[in-house]
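Q: I am attaching a structure below and will ask some questions about it afterwards.
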Amino acid sequence: MKDSDLKRDSGIPERVTLKKEIGLLSACAIIIGNIIGSGIFISPKGVLEHSGSVGLALVVWVLGGGVAALGSLCYAELGVTIPKSGGDYSYVTEIFGGLMGFLLLWSAVLIMYPSTLAVIALTFSNYVLQPVFPYCIPPNIATRMLSTICILFLTWVNCYSVRLATRIQDAFTVGKLLALGLIITVGLVQICGGNYESLTPQMAFMFNKAPCIGQIALAFLHASFAFSGWNFLNYVTEEVVDPRRNLPRAIYISIPLVTFVYTLTNIAYFSSMSPEELLSSNAVAVTFGEKLLGVFSTLMPISVALSTFGGINGYLFTSSRLCFSGAREGHLPSLLAMIHFKQCTPIPALLVCCTATIVILCIGETHNLINYVSFINYLSYGVTIAGLLYYRWKKPNLYRPIKVSLLVPVCYLLFWALLLGFSLHSEPLVCGVGLVIMLTGVPVYFLGVYWKNKPKCVYDFTEWATYLGQRVFFVVFPQIDPIEAAEWTDRSSFTSKASGPL
């Protein structure tokens, strides 16, 4: 019997590599599922608080979607020009070098993605436990235990099968769109019934305090938390079927859809809740359901819980690929660049993401980290899109299947600079902490990555730990398909004219 027959009979793939199992539908589900997590149920309060009026809050939501659309167009070009999993990190490393890429990786692994996962998991727990504790806030220990169980379960799912993880993502994305569809439908019924006092021009732009640019910038940061995840398909480029075609298509479908849904959801909120009610609510969707759904009000916490469950799955799926990509570039331990020999899933990287999230959960209050996360997010987006412009200058003859107009990255960067500048002016402590978190990676980079002549005992320990991890998790380095690698080589024979404008 041939070796290939033995492998087939035992279920071992002939080539151990990340599987291309993400089609157009799953790609859209990853983007939508990662964007629509807990943000739309948390951020409306922050956006309204900082914008000062209903009308300006709605404008912030629409413009937030527009900014995400500009960014996603730039990422579509980067994703098909530098076809590596890892998103921002891979692009910045390729364009600006190891240190810049490592700083993005460091801040993302240390705080950005674990904190976001922890916030979504706590939102899931709070909404699941809301019917159990109808007259009080659920106990802190209960919410954290349920959050931990949810994260552990979804980590197991992602370790077991890529296909199962994407099927869960597809199903829960449909579920969360149906949940938001219920809110929008009830809101439109309210508006048709004449309940739209807060939405009339006279009331909508009645400010409870004088607006200032700094506060509006903070409102955009809260909206950006709700839109965060629009770039996450770029983290799994190597697992997308025909990424040149499906990556941009998924972006073009998903971002406008989410912006439309978010805007209508906020309009629905304001059709039945006064600004004062929304600002005083700790669970906006539950308050909305209690006011309008009567005996069916329990549907709302269940729907939100399903939405956030899908969000946790999507964040685990994509953030683990960031660890995988970082290890493959030599910026993290090599064990994290390995995949299961049979399931072809990055088990060590998934376990690191799971562990970091549980540690953040145990530390304490996570909602205060939203501003830090939003600031680091926006900082990484700006650096990446600035890299697009630099890469065009550095490699003008590189073949680009998609080439956006220069106005797109320039407009994004102008908005980005204004937003971060005013945020720094309004909240210097918050933004300063975000910068400090990122810059703590500098000594780590020089000690762990740049310093090559470490003592022999360090290399011996690393080799022993890697070998032990391989034995425990049954993981190996993925094999590279030489044909696929050849397709994505730098085709310097092509001129930039070969890339059609978008």
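Glycine is no exception: its Cβ is also placed from the backbone N, Cα and C atoms.
So TrEMBL says this about it:
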TRANSMEM  21-42  transmembrane segment
TRANSMEM  54-78  transmembrane segment
TRANSMEM  99-125  transmembrane segment
TRANSMEM  145-165  transmembrane segment
TRANSMEM  177-196  transmembrane segment
TRANSMEM  216-237  transmembrane segment
TRANSMEM  249-272  transmembrane segment
TRANSMEM  292-318  transmembrane segment
TRANSMEM  347-366  transmembrane segment
TRANSMEM  372-392  transmembrane segment
TRANSMEM  404-423  transmembrane segment
TRANSMEM  429-451  transmembrane segment
Q: Would you say the transmembrane segment (372-392) and the transmembrane segment (429-451) are touching, if the rule is that at least three C-beta pairs must lie under 8 angstroms and be 6 or more residues apart?
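A: Answer yes: the transmembrane segment (429-451) meets the transmembrane segment (372-392) with 3 or more Cβ pairs below 8 Å.
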Q: Out of 99-125, 177-196, 216-237, 292-318, 347-366, which stretch has the largest tally of CB pairs under 8 angstroms to the transmembrane segment (54-78)?
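A: It is 216-237, which has the most Cβ pairs under 8 Å.
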Q: Do any residues, 6 or more residues outside the transmembrane segment (292-318), come within under 8 Å Cβ-to-Cβ of it, and if so which ones?
A: 30, 33-34, 36-38, 41, 87, 113, 116-117, 120-121, 123-124, 127-128, 130-131, 150-151, 154-155, 157-158, 165-166, 168-169, 171-173, 175-176, 178-180, 182-183, 186, 190, 229, 232-233, 235-236, 272, 283, 285-286, 350, 353-354
Q: For the transmembrane segment (177-196) against the transmembrane segment (404-423), do we get 3 or more Cβ-Cβ pairs below 8 Å once near-sequence pairs (under 6 apart) are dropped?
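A: No, since the transmembrane segment (177-196) and the transmembrane segment (404-423) share fewer than 3 Cβ pairs closer than 8 Å, they do not count as touching.
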Q: Give the nonlocal contacts of the transmembrane segment (99-125) in its own chain as ranges (CB under 8 Å, at least six residues past its ends).
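A: Sequence-distant neighbours of the transmembrane segment (99-125): 37-38, 41-42, 88-90, 92-93, 138, 142-144, 146-148, 150-151, 228, 304-305, 308-309, 311-312, 315-316, 319, 322-323, 326, 329, 331-332, 352-353, 356-357, 359-361, 366-367, 369-370, 372-373, 376-377, 380, 383, 434, 437-442, 444-445, 449-450.
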Q: Among 21-42, 216-237, 249-272, 347-366, 372-392, which stretch has the most Cβ pairs under 8 Å to the transmembrane segment (145-165)?
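A: The stretch with the most close Cβ contacts to the transmembrane segment (145-165) is 347-366.
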Q: With the transmembrane segment (216-237) as the reference, find which of 249-272, 347-366, 372-392 contributes the most Cβ pairs under 8 Å.
A: 372-392
Q: Which bits of the chain, at least 6 residues beyond where the transmembrane segment (21-42) starts or stops, bring a Cβ under 8 A of a Cβ in it?
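A: Long-range Cβ neighbours of the transmembrane segment (21-42): 119-120, 123-124, 127, 162-163, 166, 169-170, 172-173, 176-177, 180, 225-230, 232-233, 236, 239-241, 246-247, 249-251, 253-255, 257-258, 261-262, 265, 283-285, 304, 307-308, 310-315, 317-318, 367, 370.
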